[in-house]
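Q: Attaching a single structure in structure tokens format; questions to follow.
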Amino acid sequence: MVVDSFVQAAGMVSSLCVSGIIFTFSLGGVSTAQLAATTSPVLSAKLWLNVYKRCHTIGTPMVVFSAACFGWLKYKTNNNVYLAAATSCLSIVPYTIVLLSGPEKILFATASQIQKPTSASACEDARQALHRWGAVNMLRAMFPLVGGILVLGYHML
């Protein structure tokens with residue numbers, strides 16, 4: 001029973017924490033990269049790439065850990081709240097593939113370029129891709145947040 005409580009707390013804390021991390025990286029990192037988009041789309045995309053790599057390095061293991069905790073609790077207790085929480089956390093994957101692949105292709109391609117004279121259309125493409133990625137990524141933070149709140153709410157009631 002003590003192990004179950006520990007796993008439950010670890011799953012809730014990690015899912016709520018990763019939600020905050022995703023939101024913070026989206027808000028702070030993307031807005032910083034957007035400042036450079038008006039003058040240098042390559043620099044802007046490289047700033048975004050740094051944010052992307054950090055968020056991916058920190059966030060991915062935490063989401064997997066949260067889902068594993070909730071999955072283990074579902075197995076131990078046969079309670080569907082844990083299944084819903086694990087599913088919510090893992091729903092981040094198809095959401096990312098479907099909605100973020102377009103802006104990411106543009107930003108990855110721009111970040112791999114060598115700095116050269118910028119055209120107005122290149123600046124606008126980078127700016128739009130950054131804006132879309134930031135907005136969609138902020139919504140993506142809701143998946144682990146919902147998972148953590150489901151478990152927290154279940155145990156508070």
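Start at 1 and count along the chain as shown; that gives each residue its number.
Including glycine, each Cβ sits where the backbone N, Cα and C put it.
What you are looking at is a predicted structure, and each value in this text was computed from that prediction instead of being measured.
Annotations for this protein, taken from TrEMBL, read as follows:
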- 12-37: transmembrane segment (TRANSMEM)
- 58-75: transmembrane segment (TRANSMEM)
- 81-100: transmembrane segment (TRANSMEM)
- 137-156: transmembrane segment (TRANSMEM)
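Set these features in their place in the structure for me.
A: Long-range contacts of the transmembrane segment (12-37) within the same chain, counting only residues at least 6 positions beyond its ends with a Cβ under 8 Å from a Cβ of the stretch, are 43-45, 47-48, 50-51, 54-55, 58-59, 62-63, 65-66, 69-70, 85, 89, 123, 126-127, 130-131, 133-134, 137-138, 140-145, 147-149, 151-152.
Same-chain residues lying 6+ beyond the ends of the transmembrane segment (81-100) with a Cβ under 8 Å from its Cβ atoms: 11, 15, 63, 66-68, 70-71, 73-74, 133, 136-137, 140, 143-144, 146-148, 150-151, 154.
Below 8 angstroms of C-beta separation, residues 8, 11-13, 15-16, 18-20, 22-23, 25-27, 30, 55, 62-63, 66-67, 70, 73, 79, 81-82, 84-89, 91-92, 95-96, 99-100 of the same chain, each at least six residues beyond the ends of the transmembrane segment (137-156), sit close to that stretch.
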Q: Are there residues at least six beyond either end of the transmembrane segment (58-75) with Cβ under 8 Å to its Cβ atoms? List them, or say none.
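A: That would be 4, 7-8, 10-11, 14-15, 17-18, 21-22, 82-83, 85-86, 89-90, 92, 144, 147-148, 151.
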